[in-house]
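**Student:** Questions regarding the structure given below will be posed in turn.
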Protein chains: 2
Amino acid sequence: MNFLEKRIKKDGKVLSEHVLKVDSFLNHQIDPNLMLEIGKEFAERFANDGVTKIVTIESSGIAPAVMAGLFLKVPVVFARKRKSLTLNGDLLTASVHSFTKNETNEISISKKYVNKEDRVLIIDDFLANGQAALGLVEIVQQSGAKVKGIGIVIEKSFQQGAQILTKQGLRVESIARIASLDNGEVTFINEKVEELV
Amino acid sequence: MNFLEKRIKKDGKVLSEHVLKVDSFLNHQIDPNLMLEIGKEFAERFANDGVTKIVTIESSGIAPAVMAGLFLKVPVVFARKRKSLTLNGDLLTASVHSFTKNETNEISISKKYVNKEDRVLIIDDFLANGQAALGLVEIVQQSGAKVKGIGIVIEKSFQQGAQILTKQGLRVESIARIASLDNGEVTFINEKVEELV
């Protein structure tokens, strides 16, 4: 298990076979030092990809994305979940349905901050069915920029997201990959492999 | 001028006598290195206050708050702007009206993450009329925790917020303090003083 998987085992709460709660260190209360480690890990994995910009989505993507930006020395742009009155100018937009919250949001970024010269790393906290990541890919591609990869803090590998993105030729790098949440327990992909060896 | 004031002069856009746009480095595109400097500055100003927790509000408060948390070695809790379906348990809530967006939001944090033993530093990106900061003070005080101070990235000193908070006995530390946005130009409080000397 890596540093994040250990933390999930220690502090994550399995609420059902589909829901893992990590609001004590990732998406409500945030552990800044863990975010630093996560940012460093993303930066190492994408160190040779010529990334010029990171794109994420409010709110829980911001902390890991900013730390990755710190190590990769590139700016971070966060997509907003609806059109803000103070964001003027032309926007790139996509629709994203959240099954967790059972709602559809328009997500948007300003055209000013991503353009066709950019090589973009997309970062988000969770990957489940892939809807948010697909929305981010869509707006980045609208700008003409190239998506160099998708960095995910926690992937629920038992849902479709990673497969859908990979089939589109996108590179997905997830720091923790959850094979199952059955029986109130978190099992990681690597753990299963380790058991088999 | 300090590092942030210089950056505002360089990259901020004055849209009117009341609106300063800093979405190229703070609240849409984020400069991670600037956030690090801001976090360090907050940590220095509150180094001797025994801060145990930072409370901020999504989304633009998160990056500076997490960097401050990194230096102060304390967790960060961000208030959400409406009740999330995946946030279970008891919530501390307050109503906050945004004049910029012309809407009222319920902001909330989980009772689990702030309690009466905590000494809280509140951090936000902007201080204008003080509504968001007052909402955050309200939910922190509901928990029984002590508010040790309010760290603000950019204070519009020509609006009422700082005064209202200070009158309540709260310590406000703003890294950039804007005296006016008249004539399409940013003038800082310190600049005015420097002119007089």
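Please read every residue number as a count from 1 along the shown chain.
In case you wondered, yes, glycine gets a Cβ from its N, Cα and C as well.
Just so you know, TrEMBL annotations never went through curation; they're auto-generated.
Pulled the feature table from TrEMBL, pasting it below:
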type	residues	note
BINDING	A:Leu20, A:Asn27, A:Lys156	xanthine binding site
BINDING	A:Ala128, A:Asn129, A:Gly130, A:Gln131, A:Ala132	5-phospho-alpha-D-ribose 1-diphosphate binding site
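Give me the local environment of each listed feature.
**Tutor:** Sequence-distant contacts (6 or more apart, same chain, Cβ under 8 Å) of A:Leu20 (xanthine binding site) comprise A:Ile8, A:Gly12, A:Lys13, A:Val14, A:Ile154, A:Lys156, A:Ile178, A:Leu181, A:Val186.
Reduced to three states, the DSSP call for A:Asn129 (5-phospho-alpha-D-ribose 1-diphosphate binding site) is coil.
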**Student:** If the xanthine site is taken as the center of the Cβ atoms of A:Leu20, A:Asn27, A:Lys156, which further residues of that chain fall within 8 Å of it by their Cβ?
**Tutor:** A:Gly12, A:Val19, A:Lys21, A:Val22, A:Leu26, A:Asp125, A:Phe126, A:Ala128, A:Ile154, A:Ile178
**Student:** Please give the maximum pairwise Cα distance, in Å and rounded to a whole number, for the xanthine-binding set A:Leu20, A:Asn27, A:Lys156.
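**Tutor:** Across A:Leu20, A:Asn27, A:Lys156, the widest Cα separation comes out at 16 Å.
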**Student:** Please report the Cα separation of A:Asn129 (5-phospho-alpha-D-ribose 1-diphosphate binding site) and A:Asn27 (xanthine binding site) in Å, rounded to an integer.
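**Tutor:** Just about 18 Å between their Cα atoms.
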**Student:** Same chain only, sequence gap of 6 or more: which residues have a CB within under 8 Å of the CB of A:Gln131 (5-phospho-alpha-D-ribose 1-diphosphate binding site)?
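**Tutor:** Within the chain, A:Gln131 (5-phospho-alpha-D-ribose 1-diphosphate binding site) has Cβ neighbours under 8 Å at A:Val96, A:His97, A:Ser98, A:Phe99, A:Gly161.
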**Student:** Cβ within 8 angstroms of the Cβ centroid of A:Ala128, A:Asn129, A:Gly130, A:Gln131, A:Ala132: which residues besides those meet this for the 5-phospho-alpha-D-ribose 1-diphosphate site?
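**Tutor:** Nearby residues not in the site list: A:Phe99, A:Leu127, A:Ala133, A:Leu134, A:Gln159, A:Gln160, A:Gly161.
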**Student:** Look up A:Asn27 (xanthine binding site) in the DSSP assignment and report helix, strand or coil.
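**Tutor:** DSSP assigns A:Asn27 (xanthine binding site) to coil.
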